[in-house]
Amino acid sequence: MIPLLLAALLCVPAGALTCYGDSGQPVDWFVVYKLPALRGSGEAAQRGLQYKYLDESSGGWRDGRALINSPEGAVGRSLQPLYRSNTSQLAFLLYNDQPPQPSKAQDSSMRGHTKGVLLLDHDGGFWLVHSVPNFPPPASSAAYSWPHSACTYGQTLLCVSFPFAQFSKMGKQLTYTYPWVYNYQLEGIFAQEFPDLENVVKGHHVSQEPWNSSITLTSQAGAVFQSFAKFSKFGDDLYSGWLAAALGTNLQVQFWHKTVGILPSNCSDIWQVLNVNQIAFPGPAGPSFNSTEDHSKWCVSPKGPWTCVGDMNRNQGEEQRGGGTLCAQLPALWKAFQPLVKNYQPCNGMARKPSRAYKI
């Protein structure tokens, strides 16, 4: 255990703002899968506060060491710098199409269907990509909390630690996804170094083709991620209209099924995009649950090596909205996610047609 802990500490530069794992130590990346309510045993499970935890050295999914509403868990600990009294040396963007404190004057439905946090200092920081409505609370709240509205259903949160320079690329991606930024701090050197982020907080977006963008991001420890972002004028499903062909693989997609205009599994192209219907964690205790109980958004290639975690569903309305996903070919990530697919909607026998050529 001690060598593993030392290795984790050495992988992330000292002084950099990073994701913190369930162990309380810096990690390069982690995934938290908040379980639906009523799945599992005990009062916490009944209230929908339990989660599964994954990072590169966790050996697969583990039970969360805290509850999702605790500041001692991976998510709460990572976000703690937001809620300290002195944040003058930080920059942050909190964005959510369902913000914690919506105003009648706001119309976030015109923005991208996208949720996340950018938090950084002068050495680096992290990108938290998630599916959670009304989250996280603004910095002015001075305390981490989990919204009651996000307890019932499953949710995913992917945190990746990045060097300072990588945030300029993220700024470009957000001009495509067109997020609703409900809380931010971007001053001095941060505004100078990241003009795209400044444009994002001002409500600007891309104004000419192409209406989609993919970029390579390299984490603090050197892990390679691929960010995919589309603007509303892209006018197609993220997964069947772009991602499957760009990655060159079939995809099994988990998304929120309680929306209008759900797109069926798509087998009309070279690469199949299959809707996941049921999720099951390994082991006799599971748990297992249906996609109608799960608000998370992720996809996995059935035979590897790709896994993506993002913020978009497969429905007709979101073909006309911005959003994206963050993908990687990390063995630990794929080996954890691929077995979760217990059942999916099969193809309907539609004839295949030649695929458009996409490059990553």
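Cβ atoms here come from the backbone N, Cα and C positions, even for glycine.
Matching Swiss-Prot disulfide entries to the candidates Cys151, Cys159, Cys327, Cys347 identifies the partner of Cys267 as Cys347. In the disulfide annotation of Swiss-Prot, Cys327 is paired with Cys308 out of the candidates Cys299, Cys308. Its own atom aside, the Cβ of Asn290 (N-linked glycosylation site) has 15 Cβ atoms within 10 angstroms in the protein chains shown. Take the Cα of Cys159 (disulfide bond) and measure to each of the recorded positions Asn86, Cys267, His295, Cys327, Cys347: the nearest one is Cys327. Counting only the Cα atoms, the space from Cys347 (disulfide bond) to Asn290 (N-linked glycosylation site) is about 19 angstrom. Nearest by CA distance to Cys327 (disulfide bond), out of the recorded positions Asn86, Asn212, His295, is Asn212. Geometry remark: Asn290 (N-linked glycosylation site) versus Cys308 (disulfide bond), CA distance 19 Å. The secondary structure of Asn86 (N-linked glycosylation site), as reduced to three states from DSSP, is coil rather than helix or strand. In the three-state DSSP classification, Asn266 (N-linked glycosylation site) falls within a strand.
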